[in-house]
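What follows is a set of notes on a single structure, which appears directly below.
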Amino acid sequence: MKRPKLKKASKRMTCHKRYKIQKKVREHHRKLRKEAKKRGRKKPRKDPGVPNSAPFKEALLREAELRKQRLEELKQQQKLDRQKEQDKKRKLGTNPGVELSNEELVKEEFGQSKAKKAKSSKQNPKKLYCQELKKVIEASDVVLEVLDARDPLGCRCPQVEAAIVEGGQKKLVLVLNKSDLVPKDNLENWLIYLKKELPTVVFKASTKLKDKGKRIKVGKKAAPFKSEVCVGKEGLWKLLRGFQETYGKAIHVGVIGFPNVGKSSIINSLKQERICHVGVSMGLTRCMQVIPLDKQITIIDSPSFIVSPLNSAPALALRSPASIEVVKPVEAASAILSHADSRQVVLKFTVPDFKNSLEFFTSFAQRRGLHQKGGSPNVEAAAKLLWSEWTGATLGYYCHPPTPWTPSPHFNENIMINMKWGFNLEELEKNNARSIQAIKGPRLASSILFQSSGLTNGIIEEKDISEELPKQKERKQEEEEDFEDVDTDQESVDEEGDEKSSDMSPAEEACEALPECQADEQSAQSFVLDKITEEEDDAYDFSTDYV
């Protein structure tokens, strides 16, 4: 038997009830209005803006825009100040008593004091980098040279390696960072090539770390080796621990390398908290920083190597943090593009075939929506974007290791044997094999083949930097001379304008004076305000005469 359908309840009601509800609602609304009246008007009034009839409307709007810009700049400055204060608090954060004592001892040994830092701030920053780098090498028992796995040979500096060899009984270990951005086969080939010379560790630094004191907790359900999790940490820890046991006392480990290879990220990954400042921009670390990992191992962060100007154009574009400022962006990006496989570049960036770099930048700008005023493609912005992607930690490209293996000129068989002594290389090979299996690298088809320019020369001695300074002064003098010529031309133009203005009426003078004052915003504002006040005074005099 079918179940009878239940009818929905009717919404009908008596008129008495309906009118009663309406009355209650009216009373409630009246009560709300009364309370709002007592509190006062709180609704934000809409800005009516500057009326079209107002004199000098454009100048007033420009003044308002300037105020907005100043407020934004102030906010940004306050934000930067806050970040600096947070960094200071992180550095001065409370650690266990043993760690603090170790840190104080190390600081006394290395002579780090506030007075020295204040004096050093007046010097040339490149000279300071050299001084700090020498301090790190002298203080370290083991030196970790961090290499970008996409171009390991280009990240090696023969001058620094030679200085470490000359330093005495110091060990040099290579760390292949950003190993998740290259195909696995290529990574294995580079590992075979590099471990013939020096102990090499496959590594991938964790990208997402919390601030100091907030440790990462990886749950059981979480998939292993995600982007937040570090790869190769156990292998590096065991390597350093084994060497410390054979060495017989506490060791200091220095971390060195070119800009943007991930030196500070490796330290943060080992410590599992964000102690060192990291970011996308190059050369953030400017002075040595001592971080105790435990009672026996202390790690030292260092500023990046200074690239020699005698290097090739691609090496300068990739390794120098100031390359995009000194060299034009289009030149730097086209130097990188000339060493890359054009077919794979076309497939990666989904642009049509190109004959030269300028053609690629125009199509790349159109693809990414980078346009100038008028709709023309912004070539310079496209070049900057390519440079930032290539030097960043997202784009996958790789280089082939040189086929005939040849040792570096500053190494011989005895030095290589001494460098490997004290390390458990068999255990390191097993850990590297596990790390390679755990890393999910890109496919060979999706990554770009890049032709390496070989070892990158660096500057260690301060004398080599002083030679560059006169050239920079000459350039500055030339720029100042050009600027003076421009000023003299501008003065002559202004004199001609003054002669013409004598034949004009005061209203015409006001109209033509505004565009001339646009070059200097402050003078424009004062000029506009003076004109408005003059008009107001004239209007007032006219009204009084009329009365």
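Positions of Cβ are set from backbone N, Cα and C atoms, glycine also.
Bear in mind that TrEMBL entries carry predicted annotations, made automatically and left uncurated.
As the structure is a computational prediction, the values presented were derived from the model and not from experiment.
Per TrEMBL, these features apply:
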- 1-45: compositional bias 'Basic residues' (COMPBIAS)
- 72-88: compositional bias 'Basic and acidic residues' (COMPBIAS)
- 461-478: compositional bias 'Basic and acidic residues' (COMPBIAS)
- 479-498: compositional bias 'Acidic residues' (COMPBIAS)
- 130-308: domain 'CP-type G' (DOMAIN)
- 1-58: region 'Disordered' (REGION)
- 72-98: region 'Disordered' (REGION)
- 461-547: region 'Disordered' (REGION)
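The compositional bias 'Basic and acidic residues' (72-88): residue composition by secondary structure is 17 helix, 0 strand, 0 coil, according to DSSP. In this model, the domain 'CP-type G' (130-308) carries an average pLDDT of 83. Across the region 'Disordered' (1-58), DSSP assigns 27 helix, 0 strand, 31 coil.
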